[in-house]
Structure formats: structure tokens, C-alpha cells
Amino acid sequence: MIDNIWYKPQLGILSYILSPIAFIFSKIAHNRKIRLQNNQYKSKIPVIIVGNISVGGTGKTPVVRMFANQYLEQGKKPVIISRGYGAKAEKYPFEVDSKTPASVCGDEPAMLFDALGGKVPIVISPHRVDSVKYIEKNYPDADVIISDDGLQHYKLARTKEVVVVDASRMFGNGLCLPAGPLREPVERLKSVDQIIAIGNLDNQNYSELLNYNSNIVRAKIKATKFVNLVTKQSILIDSFYGKSIDAVAGIGNPDKFFSSLDELGVNIYHEHIFRDHHKYTPKDFEHFDPEQIVIMTYKDAIKCKDFAKSNWWYLDIALEFC
């Protein structure tokens, strides 16, 4: 896979060949940024962008969930906007509700709505400004708009920018697409308000981040409980210690999920890896042993709940600051 090339210690020959294109890409991205910033839409409601400068999963959605919960605990009214990757809504902006399947609104919005108990309005649209205008009209008393991703959506003015970094992978070879994993040059970090580094941030990587920004928060993803897809029963995190299970992951970085299960002492009999944003059907599980316990990510569970078996569980997680 191309991301394996991006994250190799040495610059691979393919990345070297693509580096001129990456240079052109970064220049185009920079010019686009300036053009859009000159005609930004500024909302009266504060906007917090939770994004990243690299492609793939860095942990943005758990951060969005954490921010939303914090505002709820403070008695405030947050609203979330999202691109809704893979969404098939009939019209946009589209507001998610309890009956909206992930196939209509996208994986992350469906998961966030479920995780937050429907207490936070979630609006999706390919054009975030349209979502903001929808919120201004329908939720004029909202205290804050949290954008799940959208750092590069410069048409929308923002009050605060938070960049999420995978502390274990950092920025790979440091090149922009397509030669590397970066959407923007790493120097972009100099202008953001905060960096949240998720995972094991060693001294070398911490020093690298300090070259660009001093407001760095260390965090880790903590497993909190297992939840049954059918009954919604929650059980303790050590409930499957020493037990053999099938693990299912259709996320940007499945190894993280498998490592989490390993750390919990779960014996993974088989790792089933699907593409990120995979649209599950019962056929995907026809070859599974019906007696074997299945554990998947929350994001996958949202798409499997309609045909789940009684021995299917998902691992719930939370962000914990170090």
C-alpha cells in the first residue's frame, strides 16, 4: 500500500519520483488557501476546527466527541458539522437523527450521534459553510460549532484550530501528496492554536513538534468498555481476557485497534481487515464461525447493528490526557 511507502524511514524511490508533483501540489494548496481566505464566511457562532495535516486516521473523531462532552458538561449547546464521507443524503445540509443509517450520513457522523446519545445536533454537507448557515438558522442559540475535520476548508473562518497528530507515525517522509501523506507542509503547524498528539510521543518527536508549536497536549486512546451490538449491554474491559475472538476493523489504521485488544489480553484468533468506510453486509461474515466471539470497532459496529449476532461486541474508547 502507498501509505507503507510514505511511512518508511528512508525516502523510497516512488516518493522520490513523485516529489516534483508533491511540490506542485503544495504550491497549489497554498494558493488555494490564500484565495479562499480572502473570501471567508465568518459565523457569529464560534467555530472550532478539529483536523490534521496528514491523510488517514489520526484520532480526530474521539477528540470531537471529547470536546462535545465537555461543552455538554458545562451546560452549553455544541453542534457538530462534518463532511460525511461517503454520505448519500437526498439533499444537503442534512441533519442526522436516530433513524439515519451510516450509509446516508457517513460513518463518523452516525457514530458521533450514537455516542453522544443524540444530545448534540450533527449536520453534514460537502460544503461546511452551508452547514454553518443551517445551524445559524435552526440553532441560533448554539454556543459553539465543532467541525470534524475541515482544517483545509478555508472558505470557513474559524475561531480555533486544533490539529490531531498520530504520535507514533508523525508525518512519515514529510512530503505532501502524492509523494507523502501530508495535505499541507508541516510548517502549517506554526499557525494552529493547539496540537493534540495521540499515542506514545517520544522525546525526539516531541522536540520535532516544538519546532513548530509550543501548545502541545499529550493524549492517548483508552479502552473503556465492551458493548453488545444487539442488547447494548456494557461489560468490563477485562471481560474477554484470555478468550479467543475474531477481530474486525475497517478503519484508517487497523493495527491500533488490534494492539488495543492485545493489551487487554484478548487472544485474536483472526484479524479481519476491511477498507476504511467499508459498507458491511451479512455476506462479509458468512465465513465466520458462528460460535466465535466477534469484536469490532465502534465505527464498524454502527454499520453492522442491523444484522448483528448476539455474540458481537464493539470496543468503546475515550480520549485521556497524559
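Placement of Cβ uses the backbone N, Cα and C atoms for every residue, glycine included.
Per Swiss-Prot, the feature ATP binding site maps to Ser54, Val55, Gly56, Gly57, Thr58, Gly59, Lys60, Thr61; the stated evidence is sequence analysis.
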Additional residues around ATP, ordered along the sequence, whose Cβ is within 8 Å of the centroid of Ser54, Val55, Gly56, Gly57, Thr58, Gly59, Lys60, Thr61: Asn52, Val164, Asp166, Gly252, Asn253
Chain-internal residues near Ser54 (ATP binding site), provided their CB is under 8 angstroms and they sit 6+ positions away: Val165, Asp166, Phe171, Gly172, Pro181, Leu182, Arg183
Sparsest-packed of the listed binding-site residues (Gly56, Gly57, Gly59) - C-beta count within 10 angstroms: Gly56
